[in-house]
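Here's the structure we're looking at; comments come further down.
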């Protein structure tokens with residue numbers, strides 16, 4: 001896989017080098033930090049689109065939530081308290097086993113600022129969300145330690161898994177039913193059509209709709225790469241051995257086995273990486289303000305986490321071949337606004353489909369990566385609001401919840417891992433030839 005990507009002036013080799021030597025080592029470290037390893041999620045929300053066919057009983061699908069006793073009082077207070085000093089009450093926190101491990105954004109603020117935050121807590125973001133967000137106050141919402149529940153192959157497959165992806169592609173990618181997506185096992189037989197009619201149709205779309213399809217395809221490719229790279233190779237005496245499965249990788253991405261489709265999927269992974277990389281470089285000013293602190297209760301660790309995050313932002317800004325999102329929704333104002341809203345609603349629908357995933361672990365990582373991409377899109381469409389943020393007080397124009405911040409960093413971390421794993425598979429393939 002080499003050369004320049006479609007719809008942007010960037011080549012794959014540059015992304016490989018940038019990711020391997022600059023981004024991957026740092027994003028790995030950041031994901032291990034307490035602020036970013038705990039994610040609150042509701043895995044019991046019912047599927048809104050079809051009768052649930054039950055959760056899979058495969059043991060590797062199970063997600064182990066954090067015990068309630070380990071969640072600090074500051075976090076349990078909810079989003080309205082996410083910047084307040086109440087969360088830093090050490091007497092309350094001493095009772096918690098992991099008092100300094102979990103947290104929300106915190107800062108020392110003036111009374112005027114505190115009032116503004118209370119006001120903001122009642123007021124939803126003026127910038128509409130691209131995702132259906134879980135209600136963090138729901139009794140079914142639980143904190144999950146992402147490091148203890150890694151994304152990997154679970155054995156969840158078949159009609160249930162394909163119905164989810166089929167619904168995403170067939171009903172939410174601006175696609176007419178008469179044009180078949182390549183290699184969709186659920187589609188009727190197409191005879192000799194190898195999917196070229198699909199790509200002829202795709203090239204005829206406006207940039208925005210092409211981008212939408214590529215983002216979803218890139219996310220799908222990334223998830224498939226994680227499963228191939230972290231596959232259950234064998235289990236002896238109850239001890240599982242996980243690792244890369246070259247045969248599975250070949251089945252999903254080899255040009256011959258996929259009728260030329262595999263390399264296209266991988267190119268879309270790189271395209272998605274560029275989109276989220278761009279979002280990180282754009283959101284830097286939000287985090288550079290002294291008012292934002294990645295609060296866990298451990299001052300030293302919080303300072304180190306923020307320094308590492310800002311270091312990653314410096315790297316993202318130094319990358320010279322960013323995707324130019326200004327070319328999107330740039331037509332006449334009325335048409336552009338209508339298309340942007342359609343784009344948002346389609347993506348929001350996809351985030352709701354994640355509640356139809358039958359495997360809890362797949363649902364957890366599907367929801368997190370979808371929310372991360374949704375947060376990236378929210379950032380890219382909020383440039384003016386981010387640039388006009390006040391240095392020492394909250395702004396109603398643009399806000400990120402802790403959930404969005406955790407999802408954004410971990411989703412990009414997954415893409416960075418995918419591209420690194422792709423390099424590993426290249427080496428493994430050369431060794432097997």
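From the backbone N, Cα and C atoms, a Cβ is placed for every residue, glycine too.
In TrEMBL, annotation is done automatically, which means it is predicted and not curated.
Annotated disulfide bond per TrEMBL: 56-61 (among others), in sequence order.
The disulfide bond annotation in TrEMBL covers 96-131 (among others). Non-local contacts of residue 131 (disulfide bond) by the CB criterion (under 8 A, 6+ apart in sequence, same chain) comprise 347, 348, 351, 370, 371, 374, 375.
As annotated by TrEMBL, FAD binding site applies to 152, 154, 165, 217, 220, 252. Here the Cβ of residue 165 (FAD binding site) has 18 other Cβ atoms within 10 Å, regardless of which shown protein chain they belong to.
All protein chains included, residue 359 (disulfide bond) registers 23 other Cβ atoms within 10 Å of its own Cβ. Residues annotated as disulfide bond in TrEMBL: 359-362 (among others).
The active site, nucleophile annotation in TrEMBL covers 359.
If you look up TrEMBL, you'll see 362 marked as active site. A sphere of 10 angstroms centred on the C-beta of residue 362 (disulfide bond) encloses 25 other C-beta atoms.
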Distance [Cα-Cα, Å, rounded] between residue 220 (FAD binding site) and residue 61 (disulfide bond): 18
Taking residues 152, 154, 165, 217, 220, 252, which bind FAD in the record, the widest Cα spacing (Å, whole number): 21
In sequence order, the recorded positions (61, 152, 154, 165, 217) whose C-alpha falls within 10 A of residue 362 (disulfide bond): 61, 152, 154
Integer Å distance between the CA atoms belonging to residue 154 (FAD binding site) and residue 61 (disulfide bond): 6
